[in-house]
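Shown next, in structure tokens, is the structure this report addresses.
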Amino acid sequence: MAKTVSIPSVTLGSTGITMPLVGFGTVEYPLCEWFKDAVLHAIKLGYRHFDTASTYPSEQPLGEAITEALRLGLIKSRDELFITSKLWLTDSFPDRVIPALKKSLKNMGLEYLDCYLIHFPVCLIPEATYPVKKEDIRPMDFEGVWAAMEECQKLGLTKTIGVSNFTAKKLERILATAKILPAVNQVEMNPVWQQKKLRQFCEEKGIHFSAFSPLGAVGTDWGHNRVMECEVLKEIAKAKGKSLAQIAIRWVYQQGVSVITKSFNKQRMEENLDIFDWKLTPEELHKIDQIPQYRGSRGETFVSENGPYKTLEEMWDGEI
């Protein structure tokens, strides 16, 4: 039986809410048959932060796994877990935010979330389906949607609120009128896309920086193998007797950033937590610092001549 790891946490802004610095991601299409077993095994290993979204097929089975974990005594109460979900683009309108969160809670059988994020800084008409049609793309009412997110927190539907895939410029729009500051900005980050400027901005504003795709999201529509095939990381992994994945995840963690890992393989789930009792040296960090940069999650789907973002440069405000 693998040992249970105690994962360090970070306090989110002035909320007093603590979030485990390594989370368990649940995005997969279609969801594997052993997903619930994977979640239960993750809890046994020590994972307490589970990341989902209304557009993922994992909300309901995650909720079922939490119920089972309580029944089995793997956790004593739901309060031991930190659950994040996200507002999808078809619900990113001021009057649809609260109903969308309530639907996510119903899907999971939960009374509250620990964190609720705006998934992406763009909207789709409520009737939109996948694949996305360019004519369905709409600009986001940042101020109105954020006010509705604030109401979610005031109502106790979520303990904290935040954003995902937001640039510094788009965060500035939120901050200009926000009564409750975003607790989190969850974005792509790994040794091949280090996000130094955005990290500095978030740190200055008291917004916790959280990383998805720490290994490059190989096998997804937006993923690439540039992390897993990186010679610098391979050399460091060999020298330290660690896997390349451990080097990449440790690097993110060592930046003071939380990281959402994703594997339903029991061995790799355990391996991804074996990052706390060793460090990357200043020399190793310097080598990683020099790796050529590449954004994997580019969002071309939401670029349109008639939409809010006519180019990728506009979408990412030059952060590309």
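Quick reminder: no glycine exception, Cβ is built from N, Cα and C everywhere.
Look at Swiss-Prot and you will find D51, Q186, F264, N265, K266, Q267, R268, M269, E270, E271, N272 tagged as NADP(+) binding site. Counting every protein chain shown, the number of other Cβ atoms lying within 10 Å of the Cβ of K266 (NADP(+) binding site) is 16.
According to DSSP, Y56 (active site, proton donor) is assigned to coil rather than to any helix or strand. Taken from Swiss-Prot, the feature active site, proton donor covers Y56.
In this structure, the recorded positions Y56, R268, E270 were compared by how many other Cβ atoms lie within 10 Å of their Cβ, and the smallest count belongs to R268. R268 (NADP(+) binding site) sits 22 Å from Y56 (active site, proton donor), counting Cα to Cα. For the pair K266 (NADP(+) binding site) and Y56 (active site, proton donor), the C-alpha distance works out to 21 angstrom. Annotation note: N272 (NADP(+) binding site) sits in a coil segment as assigned by DSSP. All protein chains included, D51 (NADP(+) binding site) registers 27 other Cβ atoms within 10 Å of its own Cβ.
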